[in-house]
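Report on one structure; see the data block that follows.
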Amino acid sequence: MMKTNNLILQTATKILLFVIVLFSIYMFFAGHYEPGGGFIGGLMTSGAIVLLLIAYDIKTVSKALPFDYKKVVGVGLLFATGTAAGGLLFGKPLLTHWFTYVDLPLLGKTSLHTAVLFDIGVYLVVIGTTMTIIQTIGESE
Amino acid sequence: MNSLIVLPLLIPLFTGTILIFFAKNTLTQRWISAAGSILMIIVSLWLAATVYNEGIQTMNLGNWEAPFGITLVSDMLSALLVVTTSLIGFVCLLYSFRYIEKEREEHFYYPVFFFLLLGINGAFTTGDIFNLFVFFEVMLMSSYVLLVLGGTKIQLRETIKYLLVNVIASALFVIAVGYLYSVVGSLNMAHISVRLAEMGQSGIITVIAVLFLIVFGAKGALFPLYFWLPGSYYAPPAPVLAMFGALLTKVGIYSIARTYTLLFNQDVGFTHGLLEVLAILTIIVGVIGAIAFSDIKKIIIYNIIVAVGVILFGVATFTQESLAGSIFYIIHDMNIKAALFLLIGIVIKITGTSDMTKMGGLIHRFPALAWTFFIAAAALAGIPPLSGFPGKVLIISSGFANGNYWGAAVVLLSSLFVLFSAMKIFMNVFWGKPETYANQEKVPVKWLLASPAILTVFAVLFGFGTEALYPVIMNAAETLSNPEIYINAVLKE
Amino acid sequence: MEIVMSLLIGILFMSATYLMLSKSLLRVIVGTGLLSHGAHLLILTMGGLKTGAAPLLGQNAESYTDPLPQALILTAIVISFGITALFLVVAYRSYQELGTDNLELMRGKEGNE
């Protein structure tokens, strides 16, 4: 295959990547009271990684991000099931959540919610699954 | 509120998740999975004992009150099925340790196995119709992976068909739930039952009932929708086949039994009449298949279809006695189908073929294997002291008592043909001139035989212990035939 | 509005059925995607289309949209996302392994390798 010149794409990716990842993290945190959440955030992050894959090749990317995405799924599942089952220890049903308000410096009154932990699980599972699928198809070429 | 009810779901989920991290370490995977599965058996037995002593257990997920949130409900039927699932899961796991190639073990066989158990137990336990769909999908997703794992040509080909059938059935499931929601405005099955009783009979509800029958019939291999089963179940290796044959279709049957006793009990003349006709046709088709083929895998696979028909005939008759018969039979059938598939798995491993005309004389070298198969085959046909008998007696006698003479006669006759098909295997494979096979020394027969032997012993005990089990089964049947018990337990009125 | 939605759902189902009856595996997968879209829209329509209110059930809310169909759709979308992805991977693998994406050629008799 002829080697194509990806200079524009690669340069743009270097900047865009951070914008996309930052926005996905914003989406993730916004998810509790506004549209957003772990699923969308995770998809957007994996979208950023896919952009990297398009701009560079699979070897470079796996050197830069040396994750085994199947294990990312595992960690995510542990987060999600752990939070879900946490309520059982306090005699509450599965998936019962708990929240409180704290005054943080700079941010002011902030709510802390165990649902965020659950959402981190969802976020990781989505990234893991999407990237595993894309890698499986991409690697065999 | 008792957290026991959720443990048969949490344990496989946790075990499966932890197993993901040990993908390359086969030995650790085996230990963890064995431990997880033994824990499941203990917990599910404990749950069944609790349900028997204290009545139906419920849990409102996320602390949302009953009709609004998702409720997990464990009545006697679901507790019994969870116990059977855990047991079969454990036994198939033991068998897999020596049967499944290292390749598969390293490619997430065990985690997916546990997610399959999670889906099955979840489908048995949930009390919410949409949550039932979700657990169905968990179960199906795992079954797709187990089916395709290994990636041989026949597996890929059959997985595509299986996937397509189930994707369409799932879309119909979503549609059926949508219709039901628009009519009753609730997803909690107990609440739907109350609403439907208030509304009385109307045409749309019958339509929805038939739509649900199509959905569950496609997953449970009911007559016009069984066509995918013989091809798809042919592809995977024996332990996976045992799990599928013993458990997956039974989830479809359980869902029919649950919805047709709890929700759609208004227009019994039409809906249950339809179910009855389909059940009888299912039996006939299954019997024809079981007799026609000379491939041992195919014969047992068609026997699954026969059993589906027999169980649903009991559900369609819809008396407490016939429901008790169906419950007896569903537990017996889960147990014995797993045993038979594991046994023919050994035979196939030894002979390297599944065509019984090419085999013969295995009884000389493997007498224990042969006699275990003989007992399992007798139990399958329902020979009196064994486990198939009490269920069939109850189903047939209540069939006659309710005037379904033709149906009951077909069930009765089907036992004869089932016995014939099973004995055909026994005579062709185990009797006759002994032949030597290339693999016969390499197969760890003793280890592999342990799993089906355990199940066969259970089949014998189940048959002889009918008297002791009778109150438990009647308890389950009573809940099925009186929806009020279920409704009161869930909605706590 | 419900009528328009019903027509749209009908068109989706129609196209899905057409695509799923074709021989090419990729078209079949696109067909299953359309089928699940149709089913999701159906839930939304069946739950009742209301506009102008938030889907939140507050203590003193005067009007609200039923949040349940939306939750159901979200769940169903995620599930069908997963299944479509898996289906695509299986289709890709079988294209490599079997050398065809023509379903007619994948028919196969039982037992043959």
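Heads up, the Cβ atoms here are built off N, Cα and C, so glycines get one too.
Copied from TrEMBL, the annotated features are:
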- B:128-416: domain 'NADH:quinone oxidoreductase/Mrp antiporter transmembrane' (DOMAIN)
- B:31-52: transmembrane segment (TRANSMEM)
- B:72-95: transmembrane segment (TRANSMEM)
- B:107-124: transmembrane segment (TRANSMEM)
- B:130-150: transmembrane segment (TRANSMEM)
- B:162-184: transmembrane segment (TRANSMEM)
- B:204-228: transmembrane segment (TRANSMEM)
- B:240-257: transmembrane segment (TRANSMEM)
- B:269-293: transmembrane segment (TRANSMEM)
- B:300-320: transmembrane segment (TRANSMEM)
- B:368-386: transmembrane segment (TRANSMEM)
- B:406-426: transmembrane segment (TRANSMEM)
- B:447-465: transmembrane segment (TRANSMEM)
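Within the same chain, the transmembrane segment (B:72-95) packs against the transmembrane segment (B:447-465): three or more Cβ pairs sit under 8 Å, each pair at least 6 residues apart.
The recorded stretches the transmembrane segment (B:240-257) and the transmembrane segment (B:130-150) share 3+ CB pairs below 8 A when only pairs 6 or more apart in sequence are counted, and are therefore in contact. Contact between the transmembrane segment (B:406-426) and the transmembrane segment (B:447-465) is absent: fewer than three CB pairs lie under 8 Å, with pairs separated by 6 or more positions in sequence.
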